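Engineer: Following this message is one structure expressed as structure tokens.
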Amino acid sequence: MRLPEIQISTLIENRFWSPTVVPFGGGGTPPSQPAGQRIKDILAGVDVLVHKGPLDQEVRSIITDSRRVIPGSLFFARKGLRTDGRLFVEEAIDRGAAGIVSEDAPGMHSGVVFLQVKSVPRALAAIAGNFYQWPDRRLRTVGISGTNGKTTVSWLARELLAAEDGKTGLIGTIHYDLGGRTVPSYKTTPESVDTFSLFRQMINADCKSAVMEVSSHGIDQCRVQGMSFDLAVFLNLTQDHLDYHASMEEYYQVKRRLFDGGIGTTPKLSIINLDDHYGRRLAGELAEGPGCITFGTHPEASYRAEDVKFSRTGVSFRLVTPKEEIALEANLAGRFNLSNILAALAVAAESGCDLKKVAAVLKKFEGVPGRLERVETGQPYEVFVDYAHTDDALRSTLEVLREITPGKVHLVFGCGGDRDRGKRPLMMHVGQTFADFCWVTADNPRSESLDQIFDDMQKGVSKPDQVEFVEDRRRAISLALDAVGPDDTVLIAGKGHEAFMEFGDTIVPFDDRQVARELIKVKELKPGA
Ligand SMILES: CC(=O)N[C@H]1[C@@H](OP(=O)(O)OP(=O)(O)OC[C@H]2O[C@@H](n3ccc(=O)[nH]c3=O)[C@H](O)[C@@H]2O)O[C@H](CO)[C@@H](O)[C@@H]1O[C@H](C)C(=O)N[C@@H](C)C(=O)N[C@H](CCC(=O)O)C(=O)O
Ligand SMILES: Nc1ncnc2c1ncn2[C@@H]1O[C@H](COP(=O)(O)OP(=O)(O)OP(=O)(O)O)[C@@H](O)[C@H]1O
Ligand SMILES: N[C@H](CCC[C@H](N)C(=O)O)C(=O)O
Ligand SMILES: [Mg+2]
């Protein structure tokens, strides 16, 4: 049976989305009513403490934001970091909600179902899974976690799996791919209800597999609670998100939940990076066995790269697997990308892909938008746009560019607002260590002042004569392009594929690649401009 593709609440909540581009419910038209979705039919596995009202009430959509409630919605009133969904119960009822799910005791409204549950985010995941009939169980699902490299590995794994399986879905930072039809992403790991809806649409489009980035926020906020993963991949863990997690240890423990049953399910197979400190710890804690394999250059890794040769633009190596060996080449530069390639290869091989076919696809893979993406307009120097927004990512990328640059490396970057303040001096330190000159500028300041972000970064300055703080990102790129010599490289880091900049509540178009191209052209026409 082809199930209806209905609703979705939270996808539209994001400011980048408008109902006209939301593919759900027919581009913003009211969603069709799925048959037989009575509240009592979708409560399996939900810890309901108290219920009140007619449980045979029909549910048309599952909504977490009162502003999106339409008649027949089941509204999940959850606590947030900024506000509390319980404050909006009245509004949801006024808009025609069929039911309310809350951690509070039921209210006094007639005709509306109230479900008091122990945890709203958990109830949301379970009810959404029931509502969409657990589409995750009908796909080969691959969950990819780690501080850096999730998008890169997901994109490569999608290509490798598609060569064997045909249409392959993807959920991640850049977009959601529903089997050929892509829609922009609003979160790396979407709300559980949206992920189930996306999986359902992948099945409707005949996908056999789905690759998904799993962020630590996603795990912590129960966005993947109860979801089945055939393969779960651990890439690495380095500093980020310590605004959200209290410590690296807590950050690790949250990531671990994807692998150890902490999300309510255990992956059939865990694939872990043995070259990473936390990867080695995780592999040890999970006790290697049939449910856990490893990858890396480490001599004990199950998927191992040997005879590695890096070139300016890529890498060649011999892959040794538990079953076979094969010579491989890829056009992804740098040691960190070798790690990403090995992760994707392990996913493909453990999914039954033929490694000869895999080798051909890998060789043709051209990289991921905004990840070490070359800006090429015929200029006599190199310009790259990259998504490095942690100190480890910045170091990894700058090391590659240092290797291929005979002259100087000019770095344009900033640090995001409302994010880990601790990483700012670390990123600045890396910039000063590996680049010849740093143009420090804005990168999504969000609700923070640029002065505060610059002050934090200033703490990592060790060579004051090799850094300039320039508020306007276009101007910073322009100054770097003025300073560049023919043997030099400019790296514009932090925003990668992003096409917008967030200042407070305002979002303005800004794409590093486009801006760099425009500026290079202007400078060619009017030298000195
Ligand atoms: C830190 C974080 O993850 N915050 C998420 C959290 O926000 P919050 O706790 O502040 O929510 P809130 O604004 O207090 O609202 C609480 C509830 O009231 C509801 N509400 C609110 C207002 C109203 O009028 N009516 C109403 O019903 C909201 O819909 C929500 O359900 O819950 C919100 C609702 O789902 C999310 O949008 C929000 O993600 C924000 C946008 C965010 O930036 N998240 C980032 C950090 C994130 O999750 N990133 C990871 C990737 C990280 C990485 O790997 O690099 C990701 O997976 O994308
Ligand atoms: N394996 C890796 N180790 C260290 N740095 C990496 C690795 N892979 C990629 N990077 C760096 O991190 C940046 C982001 O890569 P990518 O988008 O693949 O990671 P991500 O984990 O999806 O990030 P996000 O959490 O923001 O979604 C790249 O542009 C590159 O600079
Ligand atoms: N997923 C990351 C993206 C950061 C990108 C960078 N441009 C920034 O705004 O800090 C985050 O939300 O922390
Ligand atoms: Mg990503």
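Keep in mind that glycine also has a Cβ here, set from the backbone N, Cα and C atoms.
Copied straight from TrEMBL:
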- 59-132: domain 'Mur ligase N-terminal catalytic' (DOMAIN)
- 144-348: domain 'Mur ligase central' (DOMAIN)
- Gly146, Thr147, Asn148, Gly149, Lys150, Thr151, Thr152: ATP binding site (BINDING)
- Lys255: N6-carboxylysine (MOD_RES)
- 370-496: domain 'Mur ligase C-terminal' (DOMAIN)
- Arg419, Asp443, Asn444, Pro445, Arg446, Gly494, Glu498: meso-2,6-diaminopimelate binding site (BINDING)
- 443-446: motif 'Meso-diaminopimelate recognition motif' (MOTIF)
Engineer: Count the residues of the domain 'Mur ligase N-terminal catalytic' (59-132) that DSSP assigns to helix (H, G, I), to strand (E, B) and to coil, and report the three numbers in that order.
Structural biologist: 25 helix, 18 strand, 31 coil
Engineer: Which binding-site residues from the set Thr147, Gly149, Lys150, Pro445, Arg446 come near ligand 3, judged by a Cβ under 6 Å from any of its atoms?
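Structural biologist: If the test is a Cβ under 6 Å from any atom of ligand 3, the answer is none.
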Engineer: Would you mind checking how many other C-beta atoms are within 10 angstroms of the C-beta on Gly146 (ATP binding site)?
Structural biologist: 26
Engineer: Could you tell me the C-alpha distance between Asn148 (ATP binding site) and Gly494 (meso-2,6-diaminopimelate binding site) in angstrom, no decimals?
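Structural biologist: It is 12 Å, counting Cα to Cα.
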Engineer: Could you check which of the binding-site residues Lys150, Thr151, Thr152, Arg419, Glu498 have their CB within less than 6 A of ligand 4?
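Structural biologist: Only Lys150, Thr151 qualify.
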Engineer: Measuring Cα to Cα, how many Å separate Thr147 (ATP binding site) from the residue listed as 'N6-carboxylysine'?
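Structural biologist: Checking the Cα atoms of Thr147 (ATP binding site) and the residue listed as 'N6-carboxylysine' gives a distance of 10 Å.
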Engineer: Please list the binding-site residues from Gly149, Lys150, Arg446 whose Cβ falls under 6 Å of any atom in ligand 2.
Structural biologist: Gly149, Lys150
Engineer: Which one is it, among the recorded positions Lys255, Arg446, Gly494, that lies nearest to Thr151 (ATP binding site) by Cα separation?
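Structural biologist: If we rank Lys255, Arg446, Gly494 by Cα distance to Thr151 (ATP binding site), first place goes to Gly494.
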Engineer: Three-state secondary structure of Gly494 (meso-2,6-diaminopimelate binding site) from DSSP?
Structural biologist: coil
Engineer: Give, as a single whole number between 0 and 100, the mean pLDDT over the domain 'Mur ligase N-terminal catalytic' (59-132).
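Structural biologist: Its mean pLDDT is 94.
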